[in-house]
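Okay, structure first, notes after.
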Amino acid sequence: MIALLMRDLRLAFRAGGGFGLGLAFFLILAVLVPLGIGPEPQTLARIAPGILWVGALLACLLSLDRIFALDFEDGSLDLLATAPVPLEGAVSMKALAHWLTTGLPLVLISPVLGLLLFLPGEAYLWLIVSLALGTPALSVIGTFGAALTVGLKRGGLLLSLLVLPLYIPTLVFGAEVVSRGAMGLAVDTPLALLAGITAGAVAILPFASAHVLRINLR
Amino acid sequence: MMPDLGRYALEVSLAYLVSLGMIGALVLWYWARGRTVRRQLDEIETRRGKNE
Amino acid sequence: MASFWEYANPLKFMRTTDWLLPIVAIAAVVVTSIGLIWGFFFTPDDFRQGSTVKIVFIHVPAAMMAINAWVMMLVASLIWLIRRHHVSALAAKAAAPVGLVMTLIGLITGAVWGQPMWGTWWAWDPRLTSFLILFLFYLGYIALWSAIDDPDTGADLTAVLCLVGSVFAVLSRYAAIFWNQGLHQGASLSVAPGTRMDWAYKAPLYISMTGFGLIFLALVLAGTRTEIRARRMKALVTRERMA
């Protein structure tokens, strides 16, 4: 399973693997929003938590269809399904690889973008914490969506239609943590709920994803 | 016959008309699709009946 | 009494619905007409809301059916996943567009009602927000069905999506409640229907709720019949191509 993870990571970092695309998208979004809304620091500071979370979500979405598509085309997914490693484990590794190549960089770069959007100083810690807690859920849910649409031509658009509604609870609680942090309020309730969603998604969704993959490979 | 709807006449009648229109459209769509599918199936079954 | 599972046999289902469907359809038309005509023509105006209170006779039944349709799809999906009855999967497929339209009716009548009452077409009230989210879930479910050619694969995938979607729909509902309570302590806009409602309103409301339920049932039966035929047709065409 470690080998599988390393292989996915290597593929992602190689040219054309799509690594960095999500990051660039996140950066562009943080530049476009002030251009569209205006440079007033108060306005930007107020919407910064929401923008950063929505941006992270969309950046995650961007690379979802790559999770299984290449492996499906060259047939290595069929090999995975018949391999001695349980497919649930393989799916979890895929999600982990997606998180390491998309979610984690987003977490690391987010303070810089917070700076661009005049995020209040108290919120930085909570921005990093909430993204670190929430992006794994985004990767796992996205893996489920990617597994659903793996065999389809033009699955990309359908994938976003399926996955985005599933992202709503994560987005709500994640952005809530940051905006409460920005106002100096207690964040423990939304943070606990966010962590709960992530834990639940990580524990249960790989089974659903693996089940769906088996159906699609039938 | 028409009841006096007061100053909200437009809103109330609009709500009724739009909703009934949408349900009507849905029913028509189900009915039309049902008819098409039934006709196509009949066609295929008579064709198969002749062949066998 | 025959077992419920007998209707899992498509033939038996077709034979039963042959005579059942017209009855349900006629009942749906009659009951809904009674409820709505009573509601529209023969109810008094509310002292506070004026005649807009009459919208309740469409709004509440539609909203109720929007949620019930999803619950029915969830149950049907579970039956398909566990017992592999085709009729069940096809019934879930047939229910989705009805649920979608009911959600849309709930949203539209709500907007038309909200305009004169709250002075706005739309408010990010938890209840409204959850309905909009439910609408998105319906869209995704229907889109997935229409994207897949093979009926069995489609049934499997959409059933799993329905299960996972249900969990997340409930989560979203609580997230929406939490979200609006959180920072934006807005005025509670929901006019809770059903609280201290007079029988002059309750009677036509219950009748049109029954009517909407019957409409749903009739459309699901009709849609399931169509889907069974479509499935058979697809199987026949494939067999012809193989031969």
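We number each residue from 1, going along the chain as drawn.
Including glycine, each Cβ sits where the backbone N, Cα and C put it.
What TrEMBL says about a protein is an automatic prediction, not a curated fact.
As annotated by TrEMBL, transmembrane segment applies to A:12-37 (among others).
Per TrEMBL, transmembrane segment is recorded for A:43-64 (among others).
Sequence annotations record features per position, and here TrEMBL assigns transmembrane segment to A:96-118 (among others).
Packing against the transmembrane segment (A:124-150) from elsewhere in the chain are residues 49, 52-53, 56-57, 60-61, 64-65, 67-69, 72, 77, 91, 94-96, 98-99, 102-104, 106-107, 110-111, 114, 156, 158-159, 162-163, 166-167, 170, 173-175, 177-178, 180-182, 187, 191, 194-195, 197-198, 201-202, 205-206, 208-210, 212-213, 216: each is 6 or more residues past its ends and has a CB under 8 Å from a CB in it. Taken from TrEMBL, the feature transmembrane segment applies to A:124-150 (among others).
Per TrEMBL, the feature transmembrane segment maps to A:157-179 (among others).
According to TrEMBL, the feature transmembrane segment maps to A:191-213 (among others).
If you look at the transmembrane segment (A:191-213), the same-chain residues 6 or more away from its ends with a CB under 8 A from one of its CBs are 68, 77, 81, 86-92, 95, 126, 129-130, 133-134, 136-137, 140-141, 143-144, 147-148, 150, 169-170, 173-174, 177. With a cut-off of 8 Å between Cβ atoms, the residues of this chain six or more beyond the transmembrane segment (A:43-64) that come close are 18, 21-23, 25-26, 29-30, 33-34, 37, 98, 101-103, 106, 110, 113-114, 117-120, 123, 127, 130-131, 134-135, 138-139, 142-143, 145-146, 159-160, 163-164, 167, 170-171, 174-175, 178-179, 181-182. Counting residues 6+ beyond its ends, the transmembrane segment (A:157-179) has Cβ neighbours under 8 Å at 48-50, 52-54, 57, 61, 64-65, 119, 123, 126-127, 129-131, 133-134, 137-138, 141-142, 144-146, 148-149, 187, 190-191, 193-194, 197-198 in the same chain.
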